Amino acid sequence: MEKSSIYGLTWTNLTEWLEAHGQKKFRATQVWDWLYRKRVKTFEEMSNVPKETIELLTANFVMNTLEEQVVQESTDGTTKYLFKLSDGNLIETVMMKQEYGLSVCVTTQVGCNIGCTFCASGLLKKSRDLTAGEIVEQIMNVQHYLDGRNLEERVSHVVVMGIGEPFDNYDNVMDFLRVINHDKGLAIGARHITVSTSGLAPRIIDFANEDFQVNLAISLHAPNNELRTSIMRINKTYSIEKLMEAIHYYVNKTNRRITFEYIMLKGVNDHKKEALELAALLGEHRHLAYVNLIPYNPVDEHIDYERSTKEDVLAFYDTLKKNGINCVIRREHGTDIDAACGQLRSKQIKRVGVRERMKQKQAAAEE
């Protein structure tokens, strides 16, 4: 039997599992204290947990399914991690130092099928969803990295914006949120957590009905169907009209602000025309709409795209502001490392592929 990650169990899951296996309910409190407060790396270190319980946990669960492969540190404090999963797949995680604390961007899938033409993540198609445990472990590995350097710093914010579409892995992402938000877990405040979606309208409605105060971000990137479909394949399934219907439901249900992410592509979506269209699109909910203008990180494989000029970004920003839309230009992180989402993973897979082809050629030559 393949063991699963202990980090994938919510508080309710762990409590019920322990009781079903003849253990006292309060053991869950002890185990979570060791996992998330003391942050031990083995079950054997849980000194106040009975040997019987330790043996039971060891027989059924593991604590470390991610293996650190590459760590890139930027001069601005951003750190990018490449992890290998137990099946050999690679994923990325990013830690960013902000004025308000330490923020970690997590991956939710191995690859991505959404098909955004400007994104490095979509170059390698989705092979599987991550488990809740694999998502939680990204946070824990970053925290262990900090602990190991005797840095008295704690992950305080989480953005679910890494490789993959979070709402295409909905159940595992929800369990992940329940673990990191729980007061006996990592206790990261709901309002310090943001989940981003490319626009899976039915899941936005589901998310509105969850008992969470977690922030929602929409990867919009275009204000009309023709343009959005040309750069985001998901728009063929969920048009802007369907997306806005779901957003209308979310806003009315939660009365919470939504962030709209808008990547600035030179000559594609950065004209005054698009800025005015965007302002009109968000007008009904302008009091709860917040636009995040994102400078494009060029990706080698996407030679058709360039980042908008600073002048065009500022002009776009000014047009939105003049039309009553709250917006900000995102501060860039890790510009001196593989900053674009999916870029480090893509490069590593290429390197491995080249090495394997060289080995095959060498073996063939020796035969």
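Placed from the backbone N, Cα and C atoms, the Cβ positions cover glycine too.
Keep in mind the model is a prediction, meaning the values are calculated, not measured.
The active site, proton acceptor annotation in Swiss-Prot covers Glu92. Around Glu92 (active site, proton acceptor), taking its Cβ as the centre, 26 other Cβ atoms fall within 10 Å, counting all chains.
Summarising the annotation, Swiss-Prot assigns domain 'Radical SAM core' to 98-326.
Of all the Cβ atoms in the protein chains shown, 24 others lie within 10 Å of the Cβ of Cys105 (disulfide bond). If you look up Swiss-Prot, you'll see Cys105-Cys341 marked as disulfide bond.
Using a 10 Å Cβ-Cβ cutoff, Cys119 ([4Fe-4S] cluster binding site) registers 24 neighbours. The [4Fe-4S] cluster binding site annotation in Swiss-Prot covers Cys112, Cys116, Cys119.
Taking a C-beta cut-off of under 8 Å and a sequence gap of six or more, His221 (S-adenosyl-L-methionine binding site) has these contacts in its own chain: Cys116, Phe118, Arg228, Ile231, Met232, Glu261, Tyr262, Ile263, Asn269. Per Swiss-Prot, S-adenosyl-L-methionine binding site is recorded for Gly164, Glu165, Ser196, Ser219, Leu220, His221, Asn297, and the stated evidence type is sequence analysis.
The active site, S-methylcysteine intermediate feature in Swiss-Prot is assigned to Cys341.
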Worksheet item: Including all protein chains shown, what's the count of other C-beta atoms within 10 A of the C-beta of Ser219 (S-adenosyl-L-methionine binding site)?
Response: 22
Discussion item. So, three-state DSSP: helix, strand or coil for Cys116 ([4Fe-4S] cluster binding site)?
Written reply: strand
